[in-house]
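Below: one structure, written as structure tokens.
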Amino acid sequence: MALRSAKQLLRNEIKQKIKALSDVEKKRQSDIVIKKVIATDHWQESSRVSIFLSMSDEIQTENLLKEGFLTKKDIFIPRYIGDSMEMVRLKSWQDYESLPTTSWNIKQPADDDEREDALTTGGLDFILMPGLAFSRQGDRMGRGRGYYDKYLQRVAHSQGGRKPRTVAAVYKEQIYHSVPVDDHDVPVDLVLFEGC
């Protein structure tokens, strides 16, 4: 119970910090951090990549999508259905622009839009991980639903233990010395932010 309370307090604190950032500052940090992602071996050596589509309080990922299409990567994006998530193929920038918007104000393919599923067609090499709080060592605290933690377990099972590289691209305001985590919280391989 204490862990849950600590996580909720930290989530509220981070949401307030990010809310205080101007749109100009969010774009400035996003541009810097996405360039860092593109420069990593994790990204350069991957051909099948998962990229989350940003909410207003997350690093903006549109430039990473554009880079992925430019460099001919197979791009997969989250589709949330109930309490689970799948990664489905995004074919082009035009495909992205035509996606409907969810109640969370993010773009997502409709439930009845049949798309290639990453886990049934070769898996993933790279997953860009969203979240609210991170430590420099890779501890990650999400929004509390466990979508990515559960998905990473499915990936490991379906890919015969072959783990994709996981990278978090975040605002510097989301970095903490330590983050409250439990056994279900899967750490990320690399956390990127301005100043790292």
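Residue numbering: from 1, along the chain as shown.
Every residue gets a Cβ built from N, Cα and C, even glycine.
Those TrEMBL annotations? Automatic predictions, nothing curated.
Following the DSSP three-state reduction, the secondary structure of R11 (ATP binding site) is helix. Per TrEMBL, the feature ATP binding site maps to K7, Q8, L9, L10, R11, R140, M141, G142, R143, G144, R145, G146, Y147, Y148.
In the three-state DSSP scheme, L53 (substrate binding site) falls into the coil class. Residues or ranges marked as substrate binding site by TrEMBL: L53, E58.
Annotation for M141 (ATP binding site): spatial neighbours K7, L10, R11, G131, L132, A133, F134, V179, P180, V181, D185, criterion Cβ-Cβ under 8 Å with sequence separation of six or more. Distance between Cα atoms for L53 (substrate binding site) and L9 (ATP binding site): 25 Å, as a whole number.
Of the listed binding-site residues L9, L53, the Cβ environment within 10 Å is emptiest of other Cβ atoms at L9.
Per-site Cβ counts within 10 Å over the binding-site residues K7, R11, R143, R145 peak at K7.
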